[in-house]
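Peer 1: Sharing the feature lines straight out of TrEMBL:
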BINDING   C32, C35, C80, C83  Zn(2+) binding site
DOMAIN    30-107  domain 'ZAD'
Amino acid sequence: MGCATLATHVFLDRIMTFVVDKDITSFHKEICRLCGQREPSMWNLFEACDNNGNLNLPEKIFTCLNIMVEIGDGLPDQICAKCMTVIRCFFEFRQQCLSQDAMLRKSLLAVNMLKMGGCQMSTKTVLSFSENQSDINRSCLTRYSV
(Lines of atoms letter the chains of each structure in order from A and count residues from 1; the text may use other names and numbers.)
(Lines give C-alpha, C1' and ligand atoms only; values in the text may rest on other atoms or scores of the structure.)
Protein backbone atom coordinates (compact mmCIF):
# COMPACT_ATOMS: atom_id res chain seq x y z
CA MET A 1 0.00 0.00 0.00
CA GLY A 2 1.49 3.35 -1.07
CA CYS A 3 1.85 6.39 1.19
CA ALA A 4 -1.05 8.21 -0.47
CA THR A 5 -3.31 5.18 -0.10
CA LEU A 6 -2.33 4.73 3.54
CA ALA A 7 -2.94 8.42 4.26
CA THR A 8 -6.36 8.15 2.61
CA HIS A 9 -7.29 5.13 4.75
CA VAL A 10 -6.13 6.87 7.94
CA PHE A 11 -8.12 9.98 7.01
CA LEU A 12 -11.25 7.94 6.20
CA ASP A 13 -10.92 6.05 9.49
CA ARG A 14 -10.72 9.39 11.30
CA ILE A 15 -13.83 10.64 9.49
CA MET A 16 -15.81 7.48 10.26
CA THR A 17 -14.83 7.61 13.94
CA PHE A 18 -15.92 11.23 14.10
CA VAL A 19 -19.17 10.67 12.20
CA VAL A 20 -20.26 8.04 14.72
CA ASP A 21 -20.13 10.73 17.44
CA LYS A 22 -21.19 13.80 15.43
CA ASP A 23 -22.64 14.64 12.08
CA ILE A 24 -20.42 15.33 9.04
CA THR A 25 -21.24 19.05 9.07
CA SER A 26 -19.72 19.39 12.53
CA PHE A 27 -16.69 17.43 11.37
CA HIS A 28 -16.21 19.77 8.40
CA LYS A 29 -16.23 22.77 10.73
CA GLU A 30 -13.24 21.42 12.63
CA ILE A 31 -10.74 20.46 9.91
CA CYS A 32 -8.56 22.25 7.38
CA ARG A 33 -9.98 22.08 3.84
CA LEU A 34 -6.58 21.19 2.37
CA CYS A 35 -4.74 18.94 4.83
CA GLY A 36 -7.64 17.56 6.88
CA GLN A 37 -5.95 18.33 10.19
CA ARG A 38 -7.55 19.87 13.24
CA GLU A 39 -5.56 22.91 14.28
CA PRO A 40 -6.24 25.36 17.10
CA SER A 41 -5.85 28.33 14.77
CA MET A 42 -7.89 28.26 11.56
CA TRP A 43 -9.01 30.95 9.10
CA ASN A 44 -12.11 31.13 6.98
CA LEU A 45 -11.14 30.55 3.33
CA PHE A 46 -13.39 33.36 2.17
CA GLU A 47 -12.30 35.94 4.75
CA ALA A 48 -8.57 35.28 5.15
CA CYS A 49 -6.19 37.85 3.69
CA ASP A 50 -2.45 38.28 3.34
CA ASN A 51 -0.29 41.10 4.73
CA ASN A 52 -1.43 43.39 1.91
CA GLY A 53 -5.08 42.60 2.53
CA ASN A 54 -5.63 41.40 -1.05
CA LEU A 55 -5.58 37.63 -0.92
CA ASN A 56 -8.29 35.74 -2.75
CA LEU A 57 -7.53 32.35 -1.29
CA PRO A 58 -10.04 30.25 -3.26
CA GLU A 59 -8.60 31.58 -6.55
CA LYS A 60 -5.03 30.90 -5.42
CA ILE A 61 -5.97 27.38 -4.36
CA PHE A 62 -7.57 26.75 -7.75
CA THR A 63 -4.58 28.26 -9.59
CA CYS A 64 -2.04 26.20 -7.64
CA LEU A 65 -3.91 22.95 -7.02
CA ASN A 66 -6.85 22.91 -9.44
CA ILE A 67 -9.20 22.44 -6.46
CA MET A 68 -12.45 24.41 -6.66
CA VAL A 69 -13.40 26.10 -3.38
CA GLU A 70 -16.85 27.66 -3.33
CA ILE A 71 -19.06 29.10 -0.63
CA GLY A 72 -21.74 26.62 0.41
CA ASP A 73 -20.21 23.60 -1.35
CA GLY A 74 -20.69 21.49 1.78
CA LEU A 75 -16.96 21.06 2.35
CA PRO A 76 -14.80 22.63 5.08
CA ASP A 77 -14.50 26.40 4.72
CA GLN A 78 -11.41 26.91 6.85
CA ILE A 79 -7.67 26.55 6.37
CA CYS A 80 -4.84 26.07 8.86
CA ALA A 81 -1.81 28.38 9.15
CA LYS A 82 0.55 25.81 7.60
CA CYS A 83 -1.59 25.34 4.49
CA MET A 84 -2.14 29.09 4.20
CA THR A 85 1.64 29.62 4.18
CA VAL A 86 2.23 26.80 1.70
CA ILE A 87 -0.41 28.13 -0.73
CA ARG A 88 0.93 31.70 -0.45
CA CYS A 89 4.52 30.57 -1.04
CA PHE A 90 3.57 28.20 -3.87
CA PHE A 91 1.55 30.94 -5.57
CA GLU A 92 4.47 33.39 -5.28
CA PHE A 93 6.86 30.74 -6.63
CA ARG A 94 4.50 29.96 -9.51
CA GLN A 95 4.22 33.66 -10.39
CA GLN A 96 8.00 34.02 -10.31
CA CYS A 97 8.46 30.95 -12.53
CA LEU A 98 5.94 32.27 -15.06
CA SER A 99 7.62 35.67 -15.06
CA GLN A 100 11.08 34.12 -15.48
CA ASP A 101 9.84 31.88 -18.31
CA ALA A 102 8.34 34.88 -20.12
CA MET A 103 11.55 36.87 -19.66
CA LEU A 104 13.72 34.00 -20.94
CA ARG A 105 11.50 33.47 -23.98
CA LYS A 106 11.53 37.20 -24.71
CA SER A 107 15.33 37.39 -24.43
CA LEU A 108 15.75 34.29 -26.63
CA LEU A 109 13.49 35.84 -29.24
CA ALA A 110 15.53 39.06 -29.11
CA VAL A 111 18.81 37.15 -29.50
CA ASN A 112 17.43 35.11 -32.42
CA MET A 113 16.14 38.24 -34.14
CA LEU A 114 19.53 39.91 -33.76
CA LYS A 115 21.29 36.84 -35.15
CA MET A 116 18.97 36.80 -38.15
CA GLY A 117 19.85 40.45 -38.74
CA GLY A 118 23.57 39.70 -38.58
CA CYS A 119 24.08 41.53 -35.27
CA GLN A 120 25.90 40.22 -32.23
CA MET A 121 24.57 40.50 -28.68
CA SER A 122 26.94 40.09 -25.76
CA THR A 123 26.40 37.51 -23.03
CA LYS A 124 26.50 40.35 -20.50
CA THR A 125 23.41 41.95 -22.05
CA VAL A 126 21.41 38.71 -21.89
CA LEU A 127 22.47 38.01 -18.29
CA SER A 128 21.39 41.46 -17.16
CA PHE A 129 17.76 40.43 -17.76
CA SER A 130 18.06 37.68 -15.16
CA GLU A 131 19.88 39.86 -12.62
CA ASN A 132 16.91 42.24 -12.48
CA GLN A 133 14.43 39.54 -11.44
CA SER A 134 13.35 39.51 -7.77
CA ASP A 135 14.14 36.54 -5.54
CA ILE A 136 11.64 34.07 -4.17
CA ASN A 137 10.27 35.00 -0.76
CA ARG A 138 13.08 33.91 1.58
CA SER A 139 10.71 32.85 4.38
CA CYS A 140 9.19 30.27 2.03
CA LEU A 141 12.57 28.83 1.16
CA THR A 142 13.59 28.69 4.81
CA ARG A 143 10.43 26.90 5.96
CA TYR A 144 10.07 24.53 3.05
CA SER A 145 13.58 23.84 1.84
CA VAL A 146 13.98 20.83 -0.40
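Using the three backbone atoms N, Cα and C, a Cβ is placed for every residue, glycine included.
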Peer 1: May I have the DSSP-based helix, strand and coil counts for the residues of the domain 'ZAD' (30-107)?
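Peer 2: Secondary-structure composition of the domain 'ZAD' (30-107): 36 helix, 6 strand, 36 coil.
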Peer 1: In sequence order, which residues at least six apart in the same chain have a CB under 8 Å from the CB of C80 (Zn(2+) binding site)?
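Peer 2: In sequence order, the residues whose Cβ lies under 8 Å from that of C80 (Zn(2+) binding site) (at least 6 apart) are C32, L34, C35, Q37, E39, S41, M42.
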Peer 1: C32 (Zn(2+) binding site) has how many other Cβ neighbours within 10 Å of its own Cβ?
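Peer 2: Total other Cβ atoms inside 10 Å, all chains included: 20.
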Peer 1: Have a look around C35 (Zn(2+) binding site) and count the other CB atoms within 10 A of its CB, chains all included.
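Peer 2: Other Cβ atoms within 10 Å of C35 (Zn(2+) binding site): 14.
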Peer 1: Give me the non-local Cβ neighbours of C83 (Zn(2+) binding site): same chain, 6+ apart in sequence, Cβ-Cβ under 8 Å, ordered along the sequence.
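Peer 2: Listed in sequence order, they are C32, R33, L34, C35.
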Peer 1: Other residues with Cβ within 8 Å of the Cβ centroid of C32, C35, C80, C83 at the Zn(2+) site?
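Peer 2: The surrounding set, listed in chain order, is I31, R33, L34, G36, Q37, E39, M42, I79, A81, K82, M84.
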